[in-house]
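Structure first, commentary second.
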Amino acid sequence: MVHVMGDEESISSWIKPLGRLSVLYYGVGHMLNDITSACWFTYLLMFLTDIGLSPRDAAIVMLSGQVADGFTTIFAGELIDRFGHFKIWHAAGSILVAISFSSVFGGCIPCDIFGSNSSTMQTVGYSMFAAIFNVGWAVTQVSHMSMVNCITLDSSSRVVLASCRNAFTMVANLSLYAVALAVFHFRIAVTKLDIEDQYCWIAYVSIFIGCCFVGVFLIGTKEPRTRRGGEGKIHQRIPWDYWFKKVLYYQVALVYMLTRLITNVSQAFLAFYVINDLQMAQSSKALVPAIIYVCSFVVSIILQEMKWTSSRLKAGFTAGSIMWILSGAGILILPSSLYGFIYLLSVIIGVANALMTVTGISMQSVLVGEDLNGCAFVYGSLSFLDKISCGLALYVLESYQQTSPIILSCNSVMGCVSITRYGLGLVPASCAVIGLVVIYIMDLDRTTISGPLIQPLLA
């Protein structure tokens, strides 16, 4: 009788809305991944080209990391579904990220070992540590994302968890840009060693900040269950082909992939755009992204207090897509003489990113529903598409930049026009258009996702 009552209480706590602390503890768990990812997409290509690698070789380094990340998500999802223990996987991945990330932005260790500084050796050396870093990153990501559906069965709480996670993604990005702004201001780079020193400092501080939050997550978050449903029934492990038979799986996968393409491609080329095309000060490559993430953070906090339905998820994604289409057009036509308008575009992009990211991730939770013993595979397979597509897109853009002039033309009206301008303006906007089409035909469950958080996240 005592056991039955305890089990009923446990099930009851699983289906009711989460409290503020539970959401906060979960939300900070991806901070290490987020702050290193922000550095990866914002500064990796710039760092590698600044130290002498060609754009194509720099793209190969990024592609090697993205491919390693993509394949690891599949295997990590399978292993987590099979064995559980989300927090152990999370901790192991975080340790690997912390150990390897500084080598991605440091000197070429294999070059020192073999006594060669050839471009081939540098490309191989940086690619090796990029792959190791992304293996750890993928394990942490899949374990953290798949926990959402096992922490609670309450649909509104799942959206709140995704929104809180996204809010702390913004905190991580802002932390990175604050660190970068300070480093670029106080440590002026003249030589290759100075450049490596700059980015090493950024990497070390980022790792320290992220590890502090990972510790809070591991201490404050309970290991979620995986084997019981809302009525206490035992669930068998779900085979892969179960998801492949669902049309919604492909629709959500495409929406998530397009969302990540938008955010990652824009993040990777924004620094090049403000420096080369708009000819702004060096500090702008930290300030402009910071504005984007401030706006995203504010919107993410607002989104978590809303009552959600399937139609509202689609409406939120649609609004974000339209805003990105308008922003892409603005990026294409903005002349360098009016560079101040990039700050307005940054606000619009920040709001759009938050809307698309929160709703896109929440659609994954709608897809999984109560099918808990296959959720890690879903998140892993969708992340696989995200990583491979982003890596290939960036490789193609960087390769084209190497075979064509970096600056295509300059005139008194537009200033300088480059491949970066077209990549930053057209790729995210095109993805947003495709996303609108997919959202229009998508048939999400019509179950109401309602009920705000018990207490405000930020009282």
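The first residue you see is number 1, and the count goes up from there.
Just so you know, glycine gets a Cβ as well, placed from its N, Cα and C.
So that you can see what the record holds, here are the features copied from TrEMBL:
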TRANSMEM  23-46  transmembrane segment
TRANSMEM  58-76  transmembrane segment
TRANSMEM  88-114  transmembrane segment
TRANSMEM  126-147  transmembrane segment
TRANSMEM  167-189  transmembrane segment
TRANSMEM  201-220  transmembrane segment
TRANSMEM  248-274  transmembrane segment
TRANSMEM  286-303  transmembrane segment
TRANSMEM  315-334  transmembrane segment
TRANSMEM  341-364  transmembrane segment
TRANSMEM  376-397  transmembrane segment
TRANSMEM  422-442  transmembrane segment
Proximity verdict for the transmembrane segment (422-442) and the transmembrane segment (315-334), three or more C-beta pairs under 8 Å: yes
Per the Cβ filter (under 8 Å) with a sequence gap of at least 6 from its ends, the transmembrane segment (126-147) is approached by 26, 29-30, 32-33, 36-37, 40, 44, 48, 53, 60-62, 64-70, 72-73, 76-77, 80, 86-87, 89-90, 92-97, 99-101, 103-104, 108-110, 165, 221, 224, 361, 364, 375-376, 378-380, 383, 387
Intrachain neighbours beyond the transmembrane segment (315-334), with Cβ under 8 angstroms and 6 or more residues off its ends: 255, 262, 273, 278, 303, 341-342, 345, 348-349, 351-356, 358-360, 363, 414, 421-422, 424-426, 428-433, 435-436, 439
Find the member of 23-46, 58-76, 88-114, 201-220, 341-364 that has more C-beta pairs under 8 Å to the transmembrane segment (167-189) than any other listed stretch. 23-46
Range from 23-46, 58-76, 88-114, 248-274, 341-364 with most C-beta pairs under 8 A to the transmembrane segment (201-220): 23-46
Output the single range from 23-46, 58-76, 248-274, 341-364, 376-397 maximising the number of Cβ pairs under 8 Å to the transmembrane segment (88-114). 23-46
Using a Cβ cut-off under 8 Å, which residues of the same chain at least 6 positions beyond either end of the transmembrane segment (376-397) come close to it? 45, 56, 59-60, 62-63, 65-67, 69-71, 73-78, 80-81, 134, 138, 141-143, 145-146, 238, 240, 243, 249, 252-253, 256-257, 260-261, 264-265, 268-269, 364, 367-368, 419, 423, 427
Please report, as numbers and ranges, the same-chain residues at least 6 past the borders of the transmembrane segment (58-76) whose CB is under 8 Å from any CB of it. 40, 44-45, 48-49, 89, 93, 104, 123, 126-128, 130-135, 137-139, 141-143, 376-377, 379-381, 383-388, 390-392, 394-395, 397-399
